[in-house]
């Protein structure tokens, strides 16, 4: 009995020695290969970055793979320690391979993001970026789930439990469907947003009465950055079930208005000329539209509406503020008689006398 235990211990020591040696050789080989790739691709930033990011998962994967081959080649499979050692190596190989596959997917998708980075203001580029971001998260999540399932199924207890779950799938499927309804709904809504082209990263939207820009789209929620730097977090299902404004659906170019109430004595043509002078002298204007119209003349005032255009909503906001400030300054300086006034007429007294009257500004 003692001789058998000594033999088993010796076999274990020999197997571990070969496994460590194989892992060390694989580690050195990956280090040398990584240096060769980086030196050859010195002028290729993409390959250099990919080699740098894949270095650690490649080390782990190839070292574990070499150790697994060494264990299978040198171990005595009848020894009682062999199933335990084999299980540890197999689980390590599954996890390291998942790490490797996930990193490869992320590197490839980052490369695609960089390719559209220079055209990020374009609608096509924003749509591609949204789809790439969602696909990357879906890929990483899928790899993690598959790796976790593969690890669990290496345990006999987990396989037995899964068989019993399948046997009772009638009741459990209903419970699971009810429990996962909200989460799965968000996932499908996220995919619909990514590939439906209704909403993209970088779009300007109005949701819940707030104006903001879409900063991130995940499989569960959408992050909208509000103009005052707050973040509005909304589930993906919100954008598939609730109407919202998208100011950059087809183009980022937008129109905006500025309304000013003035007196009836306002020189409209001079005010229109001042509007054009202010707008044409600003870099915020995109050169498409500028005009002034009188849209109302009631309650003692004239309402002048200035219509201007800009390349995007951010520039439009600044341009509207500039136009408003310019017109107010012009009214104060050049046309003070056009400032809004309140007029009233006095009622005649008992003897036909006027008790109050005139105009006040």
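Backbone N, Cα and C atoms are what each Cβ position is placed from, and that goes for glycine too.
TrEMBL: automatically predicted annotations, no manual curation.
Looking up the ranges 58-75, 112-129 in TrEMBL, the one annotated as transmembrane segment turns out to be 58-75. Among the ranges 161-180, 181-200, the one that TrEMBL lists as transmembrane segment is 161-180. For the transmembrane segment (58-75), the partner stretch with the highest count of Cβ pairs under 8 angstroms, out of 12-37, 87-108, 134-155, is 12-37.
The domain 'Mechanosensitive ion channel MscS' (183-249) scores a mean pLDDT of 84 in the predicted structure.
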